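Some notes on the structure that comes next.
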Amino acid sequence: MPHTLWMVWVLGVIISLSKEESSNQASLSCDRNGICKGSSGSLNSIPSGLTEAVKSLDLSNNRITYISNSDLQRCVNLQALVLTSNGINTIEEDSFSSLGSLEHLDLSYNYLSNLSSSWFKPLSSLTFLNLLGNPYKTLGETSLFSHLTKLQILRVGNMDTFTKIQRKDFAGLTFLEELEIDASDLQSYEPKSLKSIQNVSHLILHMKQHILLLEIFVDVTSSVECLELRDTDLDTFHFSELSTGETNSLIKKFTFRNVKITDESLFQVMKLLNQISGLLELEFDDCTLNGVGNFRASDNDRVIDPGKVETLTIRRLHIPRFYLFYDLSTLYSLTERVKRITVENSKVFLVPCLLSQHLKSLEYLDLSENLMVEEYLKNSACEDAWPSLQTLILRQNHLASLEKTGETLLTLKNLTNIDISKNSFHSMPETCQWPEKMKYLNLSSTRIHSVTGCIPKTLEILDVSNNNLNLFSLNLPQLKELYISRNKLMTLPDASLLPMLLVLKISRNAITTFSKEQLDSFHTLKTLEAGGNNFICSCEFLSFTQEQQALAKVLIDWPANYLCDSPSHVRGQQVQDVRLSVSECHRTALVSGMCCALFLLILLTGVLCHRFHGLWYMKMMWAWLQAKRKPRKAPSRNICYDAFVSYSERDAYWVENLMVQELENFNPPFKLCLHKRDFIPGKWIIDNIIDSIEKSHKTVFVLSENFVKSEWCKYELDFSHFRLFDENNDAAILILLEPIEKKAIPQRFCKLRKIMNTKTYLEWPMDEAQREGFWVNLRAAIKS
């Protein structure tokens, strides 16, 4: 029994492992380029079966806890390995021994509490290494990165347990493009630990407290170009001049991101910045100022020197007590050399006039996403304000009048570029006043419905995209670039109004087509972006766009954004791929040809009908059908006459005086139907003929030259022809009153001619002795 249980357990383990392995394989997908993706696939281990074909492997957000020596052994061509956000706590010493081609390694946010230099020794090609978010206290007992001579980006540290930076940690590293250290809970820093790195383009420091900040600053000031401080509380920061003996600084940009600061500590920070002789750019992102802007003027005048700072950027600055904020008059003297200022999304509603006047070197001012209105803007742009200003950005403020905005800015004599997009102007007056040197105006997303003469004619660049424009007819003789996408225009602007235009972006409008003539009218146009419109793919439009090879150089979004909207059977297809049929492209010629062919067919039919009496056949058919539709007064078997006699009026004497006398006076008498005597007056002749034939046992045709020539006889014979012969009966009796040639009988009476050729007919004898026999034969024929 124990043996049986043991076997069952072994089989269960094997089945479980096989299921897990098949699940791992199913969660990994690789393309032909060796890019394998298996992120968020609930993998418990690195899938087996990986070969040298794999070049990139993404196994992030899984449940991998262990990496063995054999997991990646065959991946000799692997260039990128991403294992972030797993549960990795153990990596065997030689796990990466075959990864000499690896360039990108991400082991962030796992459970690696101890780092080993043996992992990284084989990685001679590594340029990116991310070890953030692992619970190690230090960067190992020996230098981890001394063999990584090609390393460019390094990220180390964590928020909770990384407490110590040692001099050996960065030994061997001489140049890095980016170094990020999460030292949020740093408690110990060995001097000159970061000094071993000769050059770092961008250093990012996460530090909750500022205790060790000055020590680190001393080490990096001569090797770092851009220093970024994150998540730091500087409320109690105090600068000690004795802490720094270094004045030869390489730092050109200093960024404070998510930093807390007070009026006093900001003053201390500025004293620190004084030590950076080459500082050109200062940036504050998502910072909190727990103060009211009350900087001590005496200390500022004595200590603070703005140096060479040219660019100041402030984004999303939070001032809890902004309603008590000072006018910054204590900082006026520090602003005279600044050339570029950005204060974005920081609830700015006014720039004091005196401050504006002190910004003598300011060339670029960005006050986007604030609370500026025309009244306060007028105070900010007072006389002698911003004398050097060339670019002013007031995007997404609370401006409402174009006319007032333009008048307010007239004091800025050197202003050439104005961005007032994302304000709600709605309408545009007929005329406006603007600074005389204006070259660029951005009115995108301002809800305007039309453009007027308010637009200055000095413009070289105009952006009116994302509005409600359905017409653009401004004469702008100097305009070189027009951005008018996402409006309601149905055609390209008139080129004669824009003679200098180089760039036109008119995508996502209501344009359905444009022609070669329209494009050629823009003599200077170099770039056109017209995708995203609902194009009618007519033959002319397709011919123009598909045959012009040079058009692809002008249309920068060709061919992906040029889709057909109609005809319906090509909707959604790219214009360059659509092919229309000949009938769609040459409809006029096709219809003309069909009309000509139809005319010739009708003409030919007419000739044939005339030649072969087709009209007669149609008349007979119609007459017969009409007669057949009329109700009969007598049943088809109700015979009233022995014979219906068809004859010419010129032969009436023979019929009435000889034939009638011989037949009707015979005993028993024959009853004959004669049209002169028996037709019902006033009745349609067709009905009389048809009724008489149907009520007669036989039909006697008295043929003569007169019969053939008589219009009446032909008319009578026409309407009796179908009835006589459509059932192939023998009801016809032919009497040849005088010799006539068969050729004299019309061709259309084909059955009559056939009967004369195939059946015996009675011939009126000239000899009186033979006439008695004639009458005997006639009476016998009628009775048969």
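Every residue, even glycine, has its Cβ placed from backbone N, Cα and C.
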Select from 311-328, 527-544, 725-742, 761-778 the stretch of residues annotated by Swiss-Prot as motif 'ATG16L1-binding motif'.
761-778
According to Swiss-Prot, the disulfide-paired cysteine of Cys36 among Cys30, Cys75:
Cys30
Look at the disulfide annotations in Swiss-Prot and name the partner of Cys353 from this list: Cys287, Cys382.
Cys382
Ubiquitin cross-link per Swiss-Prot (candidates: Lys360, Lys413, Lys754):
Lys754
Can you tell which of Cys454, Cys564 is bonded to Cys432 by a disulfide, based on Swiss-Prot?
Cys454
Who are the chain neighbours of the repeat 'LRR 14' (389-414) in space, where the CB to CB distance is under 8 Å and they lie at least 6 residues beyond its ends?
359, 362-374, 377-378, 381-383, 420-426, 428-429, 432-437, 440, 442, 454
When DSSP states are grouped into helix, strand and coil, how many residues of the repeat 'LRR 9' (251-278) land in each?
11 helix, 7 strand, 10 coil
Would you mind listing the long-range same-chain contacts of the repeat 'LRR 7' (200-223), meaning Cβ under 8 Å and 6+ residues beyond its ends?
157, 159, 175-186, 189, 191-194, 229-234, 236-237, 239-240, 243-246, 248-251, 272, 275-276
Just give the helix, strand and coil counts over the motif 'ATG16L1-binding motif' (761-778), going by DSSP.
11 helix, 2 strand, 5 coil
Residue distribution over DSSP helix, strand and coil in the repeat 'LRR 4' (126-150):
0 helix, 3 strand, 22 coil
Grab the same-chain neighbours of the repeat 'LRR 1' (54-77) for me: Cβ-Cβ under 8 Å, and only residues 6 or more beyond its ends, written as numbers and ranges.
30, 33-46, 48, 83-101, 106, 111
